[in-house]
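A quick write-up on the structure given underneath.
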Amino acid sequence: MYMSRNLEKEKRRANQSFGRPDIGGDFNLVDHNGKPCSLASFRGKWVLLYFGFCHCPDICPEQLERLVEIGDRIALTGETKQTLVPVFLTVDYERDTPDVVAEYVKEFSPHLVGLTGTKEEIDKVAKQYRIYYSAGPKDVDGDYIVDHTVVMYLLDPNGEFCTYYGQVKPVPEIYRDILAKMAEFKG
(Lines of atoms letter the chains of each structure in order from A and count residues from 1; the text may use other names and numbers.)
(Lines give C-alpha, C1' and ligand atoms only; values in the text may rest on other atoms or scores of the structure.)
Protein backbone atom coordinates (compact mmCIF):
# COMPACT_ATOMS: atom_id res chain seq x y z
CA MET A 1 0.00 0.00 0.00
CA TYR A 2 2.77 2.45 0.99
CA MET A 3 4.77 1.54 -2.12
CA SER A 4 1.70 2.00 -4.27
CA ARG A 5 1.10 5.56 -2.98
CA ASN A 6 4.75 6.48 -3.52
CA LEU A 7 4.61 5.07 -7.02
CA GLU A 8 1.51 7.15 -7.78
CA LYS A 9 3.22 10.27 -6.39
CA GLU A 10 6.25 9.63 -8.57
CA LYS A 11 4.06 9.17 -11.66
CA ARG A 12 2.28 12.48 -11.02
CA ARG A 13 5.59 14.28 -10.46
CA ALA A 14 7.06 12.79 -13.65
CA ASN A 15 4.07 14.00 -15.67
CA GLN A 16 4.11 17.54 -14.28
CA SER A 17 5.24 20.35 -16.54
CA PHE A 18 6.68 23.65 -15.47
CA GLY A 19 6.19 26.81 -17.53
CA ARG A 20 6.56 27.12 -21.27
CA PRO A 21 9.27 25.55 -23.39
CA ASP A 22 12.09 27.90 -24.34
CA ILE A 23 11.05 28.29 -27.97
CA GLY A 24 11.04 31.48 -30.01
CA GLY A 25 12.51 34.91 -29.81
CA ASP A 26 13.02 38.06 -31.81
CA PHE A 27 14.51 38.10 -35.28
CA ASN A 28 15.69 40.60 -37.86
CA LEU A 29 14.76 39.42 -41.33
CA VAL A 30 13.42 40.84 -44.58
CA ASP A 31 9.82 40.39 -45.70
CA HIS A 32 8.69 39.51 -49.22
CA ASN A 33 8.45 43.24 -50.02
CA GLY A 34 12.12 43.74 -49.18
CA LYS A 35 11.35 45.59 -45.93
CA PRO A 36 12.99 44.85 -42.56
CA CYS A 37 10.81 42.66 -40.35
CA SER A 38 11.14 41.62 -36.72
CA LEU A 39 8.85 39.98 -34.23
CA ALA A 40 7.77 43.48 -33.16
CA SER A 41 6.29 43.91 -36.67
CA PHE A 42 3.52 41.51 -35.58
CA ARG A 43 2.92 42.97 -32.10
CA GLY A 44 -0.76 42.80 -31.16
CA LYS A 45 -1.50 40.01 -33.66
CA TRP A 46 -1.43 36.25 -33.40
CA VAL A 47 1.11 34.59 -35.72
CA LEU A 48 0.97 31.13 -37.26
CA LEU A 49 4.57 30.52 -38.36
CA TYR A 50 5.83 27.85 -40.77
CA PHE A 51 9.43 27.20 -41.84
CA GLY A 52 9.99 25.84 -45.35
CA PHE A 53 11.45 26.72 -48.75
CA CYS A 54 10.09 27.96 -52.05
CA HIS A 55 11.40 25.11 -54.23
CA CYS A 56 9.76 22.45 -52.07
CA PRO A 57 7.89 20.05 -54.35
CA ASP A 58 5.12 18.87 -52.03
CA ILE A 59 5.14 19.23 -48.23
CA CYS A 60 5.63 23.00 -48.02
CA PRO A 61 2.83 23.82 -50.47
CA GLU A 62 0.50 21.48 -48.57
CA GLN A 63 1.43 23.05 -45.24
CA LEU A 64 1.10 26.59 -46.58
CA GLU A 65 -2.36 25.80 -47.93
CA ARG A 66 -3.29 24.59 -44.44
CA LEU A 67 -1.72 27.69 -42.85
CA VAL A 68 -3.69 29.99 -45.16
CA GLU A 69 -6.92 28.01 -44.67
CA ILE A 70 -6.61 28.38 -40.90
CA GLY A 71 -5.92 32.11 -41.26
CA ASP A 72 -8.93 32.53 -43.55
CA ARG A 73 -11.21 30.58 -41.21
CA ILE A 74 -10.16 32.75 -38.25
CA ALA A 75 -10.71 35.93 -40.29
CA LEU A 76 -14.14 34.85 -41.52
CA THR A 77 -15.45 33.24 -38.35
CA GLY A 78 -16.93 36.25 -36.64
CA GLU A 79 -16.12 34.49 -33.33
CA THR A 80 -13.14 36.73 -32.62
CA LYS A 81 -11.98 40.21 -33.50
CA GLN A 82 -8.35 39.17 -33.03
CA THR A 83 -6.07 38.89 -36.05
CA LEU A 84 -4.06 35.83 -37.09
CA VAL A 85 -1.19 36.44 -39.51
CA PRO A 86 0.06 33.43 -41.49
CA VAL A 87 3.86 33.67 -41.87
CA PHE A 88 6.20 31.62 -44.07
CA LEU A 89 9.89 31.76 -43.12
CA THR A 90 12.25 30.25 -45.68
CA VAL A 91 15.24 28.17 -44.64
CA ASP A 92 16.73 28.35 -48.16
CA TYR A 93 18.71 31.58 -47.89
CA GLU A 94 20.68 30.83 -51.10
CA ARG A 95 17.75 30.75 -53.52
CA ASP A 96 14.87 32.41 -51.68
CA THR A 97 15.46 36.13 -52.15
CA PRO A 98 12.68 38.60 -51.27
CA ASP A 99 11.57 38.60 -54.94
CA VAL A 100 11.41 34.79 -55.08
CA VAL A 101 9.54 34.66 -51.76
CA ALA A 102 7.13 37.38 -52.99
CA GLU A 103 6.24 35.34 -56.09
CA TYR A 104 5.85 32.21 -53.98
CA VAL A 105 3.59 33.59 -51.24
CA LYS A 106 1.44 35.34 -53.86
CA GLU A 107 0.44 31.86 -55.11
CA PHE A 108 -1.19 31.08 -51.75
CA SER A 109 -2.75 34.25 -50.34
CA PRO A 110 -2.38 38.02 -50.30
CA HIS A 111 -2.43 37.72 -46.49
CA LEU A 112 0.56 35.36 -46.29
CA VAL A 113 3.75 37.10 -45.14
CA GLY A 114 7.04 35.69 -46.44
CA LEU A 115 10.34 36.16 -44.63
CA THR A 116 13.95 35.56 -45.66
CA GLY A 117 17.42 36.53 -44.56
CA THR A 118 21.11 35.73 -44.62
CA LYS A 119 22.53 32.37 -43.56
CA GLU A 120 23.43 33.80 -40.15
CA GLU A 121 19.96 35.31 -39.64
CA ILE A 122 18.17 32.12 -40.68
CA ASP A 123 20.51 29.98 -38.53
CA LYS A 124 19.72 32.17 -35.51
CA VAL A 125 15.95 31.97 -35.98
CA ALA A 126 16.08 28.22 -36.68
CA LYS A 127 18.00 27.70 -33.44
CA GLN A 128 15.57 29.88 -31.45
CA TYR A 129 12.59 27.95 -32.79
CA ARG A 130 14.36 24.57 -32.69
CA ILE A 131 14.02 24.03 -36.41
CA TYR A 132 16.32 21.54 -38.09
CA TYR A 133 17.23 22.19 -41.71
CA SER A 134 19.88 20.93 -44.08
CA ALA A 135 20.33 21.42 -47.82
CA GLY A 136 20.75 18.14 -49.66
CA PRO A 137 23.21 17.41 -52.46
CA LYS A 138 22.83 19.34 -55.70
CA ASP A 139 21.71 17.47 -58.80
CA VAL A 140 23.15 17.97 -62.30
CA ASP A 141 21.06 21.13 -62.73
CA GLY A 142 22.28 22.55 -59.42
CA ASP A 143 18.87 22.00 -57.83
CA TYR A 144 18.49 20.61 -54.32
CA ILE A 145 15.94 19.81 -51.65
CA VAL A 146 16.14 21.19 -48.12
CA ASP A 147 15.31 18.72 -45.38
CA HIS A 148 13.59 20.55 -42.51
CA THR A 149 11.31 20.25 -39.51
CA VAL A 150 7.64 20.35 -40.50
CA VAL A 151 5.74 22.20 -37.80
CA MET A 152 3.56 25.31 -37.38
CA TYR A 153 4.12 27.54 -34.37
CA LEU A 154 1.41 29.69 -32.81
CA LEU A 155 2.71 32.92 -31.27
CA ASP A 156 0.48 35.10 -29.11
CA PRO A 157 0.04 38.88 -29.60
CA ASN A 158 3.05 39.49 -27.34
CA GLY A 159 5.22 37.37 -29.65
CA GLU A 160 5.46 34.53 -27.13
CA PHE A 161 5.40 30.87 -28.13
CA CYS A 162 1.94 29.46 -27.41
CA THR A 163 1.92 25.98 -28.96
CA TYR A 164 2.85 24.04 -32.08
CA TYR A 165 0.98 21.86 -34.57
CA GLY A 166 2.43 18.87 -36.42
CA GLN A 167 1.91 18.22 -40.08
CA VAL A 168 -0.92 15.71 -39.65
CA LYS A 169 -3.08 17.61 -37.14
CA PRO A 170 -6.40 18.28 -38.93
CA VAL A 171 -7.17 21.89 -39.86
CA PRO A 172 -10.51 21.92 -37.98
CA GLU A 173 -8.73 20.89 -34.76
CA ILE A 174 -6.05 23.56 -35.18
CA TYR A 175 -8.73 26.14 -35.93
CA ARG A 176 -10.71 25.26 -32.79
CA ASP A 177 -7.56 25.19 -30.66
CA ILE A 178 -6.48 28.64 -31.87
CA LEU A 179 -9.95 30.09 -31.21
CA ALA A 180 -9.81 28.64 -27.68
CA LYS A 181 -6.35 30.11 -27.08
CA MET A 182 -7.53 33.49 -28.37
CA ALA A 183 -10.50 33.38 -25.97
CA GLU A 184 -8.23 32.48 -23.03
CA PHE A 185 -5.56 35.08 -23.81
CA LYS A 186 -5.25 37.79 -21.18
CA GLY A 187 -2.36 39.75 -22.67
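Glycine residues also receive a Cβ, built from the backbone N, Cα and C atoms like all the rest.
TrEMBL annotations: computationally assigned, not manually curated.
The disulfide partner of Cys56, as annotated in TrEMBL and taken from the candidates Cys37, Cys60, is Cys60. The number of other CB atoms found within 10 A of the CB of Cys56 (Cu cation binding site), across every protein chain shown, is 19. Other Cβ atoms within 10 Å of the Cβ of His148 (Cu cation binding site), summed over all protein chains shown, number 21.
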